[in-house]
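According to TrEMBL, the transmembrane segment annotation covers 6-25, 37-65, 85-107, 150-173, 239-259, 295-321, 418-438, 444-464, 476-500. Feature annotation from TrEMBL assigns domain 'Wax synthase' to 187-273, 370-452.
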């Protein structure tokens, strides 16, 4: 049985839950009908060989989906809309499947607090940070980066990957499929935590926090209150809090067991038990002080993050290091094509986020170009077709200010000419700076000469057009090839020589060749997988 069994089995299983189990009375009868599905979802990760896919399946299916189904048995949780205003509404099958397998919730659902949603620019920034972290790992060797630093970078990467994947998938489901769902936020800037209670309860991995609150904390608290009485409600809260951390620890042990196939050392459970005890103590101290005195966030913040990191290296990470998971999974090294494949896709993903996830904001993507090969004049090429992002910025930052400043001194006509030439000069200087950054060699000023030449030619072209008063023009099939030909000839005469002289063209061709070979290999793997 291959790993294709996993996705194929999930949808029919959830259809069974939707059409059959939902018809049974809530409580034990419905829970019994769901036990075969819960068992199936528990063993599904064993059919994968990839550590990454095992971890994802265990997290989203074995953990979250099973917990959601358990709550569903009692008409609780995100698979049931039980808010009074929409009590009669039932989730559609597609929404039911999406919510069961992804950290989403129905739009009208009110089982979580209203955490701040990440704005698109935050997501774009996360893509950039993730790419930077990946580049650090790709370049890292045992001699250059301590294994603990590598683990920290891995944690940051996992955190960002979850954030980005969840946001991306929820966007697709909401805006392309058109489902009435919203994102169950995976995190809320945990690096700004000012206490352990703040870190675990309001900032870190909120998808799990919300689910554990519903499936463990609330039921355990209710049972303890029934047993010990309402007058001991505080003890019920403490026991429920500790039980929640213990369940989280056990689920992390299960994920690690599936990935590495080694017996648990229970250090991860100890990590969560320790943090559960510390949160209980922290909560009691706050109550004893009645919030009359607190450490400044400048102090409590670093203390909180520091405690999380120290205890992580003391209890959470040792099983990974001991079993070589930090080296084996994933295989991040400079020769691993999969790493670079992910890096390539990150660029496309960040572009997609900037272009499409800004739904609801009055923003649109600037066109980078407009078919420059159809240019009929140099003015058309530089002003309306080539690299429009830079053209628009230079118009606002150089051309317009200089025209405004000089028009009262030399007249509007000469002000425009000087401003135009200055714009080309600035563009040339920026290209020289870019080339210096890339190659680390002193500028030869040939690129600046290229732009100055084109600036002068555009000025002459405009002057000729005005002199003729647009009464005569070359036809496009003549002026077009002349324009593109002039650009190409002058580029090979002035723009490209510094690039060729320093070998930058060879490096670019090597990288393009690598991308092509990588794409070819991935396509062959795809065909072989489904062949």
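Placed from the backbone N, Cα and C atoms, the Cβ positions cover glycine too.
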Please give the average pLDDT for the domain 'Wax synthase' (370-452) in this predicted model.
87
Within-chain partners of the transmembrane segment (6-25) [C-beta distance under 8 Å, separation at least 6 from its ends]:
33-34, 37, 40-41, 44, 47-48, 57, 61, 65, 69, 72-73, 93, 96-97, 100-101
Tally the residues of the domain 'Wax synthase' (187-273) by DSSP class, grouping H, G and I as helix, E and B as strand, and everything else as coil.
72 helix, 0 strand, 15 coil
Within the domain 'Wax synthase' (370-452), count helix residues (DSSP H, G, I), strand residues (E, B) and coil residues, in that order.
69 helix, 0 strand, 14 coil
